[in-house]
């Protein structure tokens, strides 16, 4: 005999199912569940009077070695570049083990995931699960950046620096073997995945290559060190030899050449361009053109995202401080002013919406905010829906195409750009279990739970002296997986394969998991998931207006943004 309940009652019990829509935070963006792995009437849920009990939803006889997961997240909505669906997600040995239907095959049919005695349960009903974010543009200045980023949903930080030196504040570079070794050692106690960018400036390949052998997973070229065609070519030659990425902050002042000269120096080799719009630095006024090239993986940094009525005004002082400029020197002021063009900033959001710009990142404390990359990515998506309407294929209360495009910008695409997508960047079986669980009304703003390597490392928790977990103030705090030797299980240090071959982990007694970067030099723009468009892009040299395939591309500055004051007191 079948039993019927209302759709609302079902949603209250097990979360939304196929055809249901969910608003993300206070935006105009809605996800719509496309598939549900659950068998209706056979759902598993944990709690008093519920299903996951010995002999019911839990198998009480099988030992862990018989493919029993360590943790199952039940009835959760997965939002990933691969799709929008509802499932039970099993974690085992720090990886995503299986995605499907959980339960006990002794009493249930079509069970993909067997819940056993060894299995912990995280209730995902009504929640959204995403991959942990990946920030590829981090200036390693202060250690507090790590917790700030983690509490925003970022689980991998790639960048450079040695602390608050002037060069680190400006250039995202960890120079030389000694500094690289020290930073790799410092990463050991932090619940975050890390990768280091070395200095990509040298007249010969040897001093660049030694940084890669020391552990750098990429080389950074920055105009403050001189982004010359010679530096670009030498860095790319080393990258081709050692299968690493080159990140480029190009020549704002056009000292050593114009954008055409930089394109010529790159010579068709893959490169990851930072703040490709140009306000963060790069050939004035037309760096943005490189986003059309098949060998360029173009990124934005978050201070220009989205374009608002305050964006231009805040940037002048930001440039002056970040690049050690003197406001009393007219040439320094002119340099800063040349980087800030409302016309190209206005085009940037649209280029993201069209899938031309592929990646978002922070530029932490150096013209960017390390805890806002995820929030600002979704603010852009919201602003674009409000001003440009739905994307092709989307519908009322269904923005899945736009959502998949935008989530790819801070998950899978940065992972691909740095050769770590075989480990992190998506919710797929076999990947390292770096996952973020969100309450929809706080989506993109404040996570409920951050999981790293299958361990809970940061969580929304109430007063620790409370009789229950929920008394105010509820704040995001590090939990057990972020402490002691658990950090070595929950987190990864990414190294070049040359550094692994040189036994750097043993030399430094690194205890974190080690993974090598790979497959970087074979990449093209076509590898950027859902963000691989390559139209003709032109910039008017007098008005700075941006044209895509001959059509003017611009947007009005937002007067207000979602995911802002409603969620933050400060």
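Cβ atoms here come from the backbone N, Cα and C positions, even for glycine.
Among the candidates 363, 382, 394, the residue that Swiss-Prot annotates alongside 137, 139, 220 as binding Ni(2+) 1 is 363.
The Cβ of residue 137 (Ni(2+) 1 binding site) lies under 8 Å from the Cβ of 158, 159, 172, 247, 274, 275, 299, 301, 361, 362, 363, 364, 368, each on the same chain and at least six residues away in sequence. DSSP gives residue 275 (Ni(2+) 2 binding site) a coil state; it is part of no helix or strand. The Ni(2+) 1 site, placed at the center of the C-beta atoms of 137, 139, 220, 363, has further neighbours from the same chain whose C-beta lies within 8 angstroms: 138, 159, 160, 171, 172, 197, 247, 249, 274, 301, 361, 362, 364, 366, 368. Around the Cβ of residue 363 (Ni(2+) 1 binding site), the number of neighbouring Cβ atoms within 10 Å comes to 29. Its own atom aside, the Cβ of residue 275 (Ni(2+) 2 binding site) has 27 Cβ atoms within 10 angstroms in the protein chains shown.
Within 10 Å of the C-beta of residue 220 (Ni(2+) 1 binding site) there are 28 other C-beta atoms, taking all protein chains into account. The DSSP secondary structure for residue 137 (Ni(2+) 1 binding site) is strand. Taking the Cβ of residue 249 (Ni(2+) 2 binding site) as reference, residues of its chain lying under 8 Å away and at least six apart in sequence are, in sequence order, 171, 172, 220, 221, 222, 223, 227, 274, 275, 280, 281, 282.
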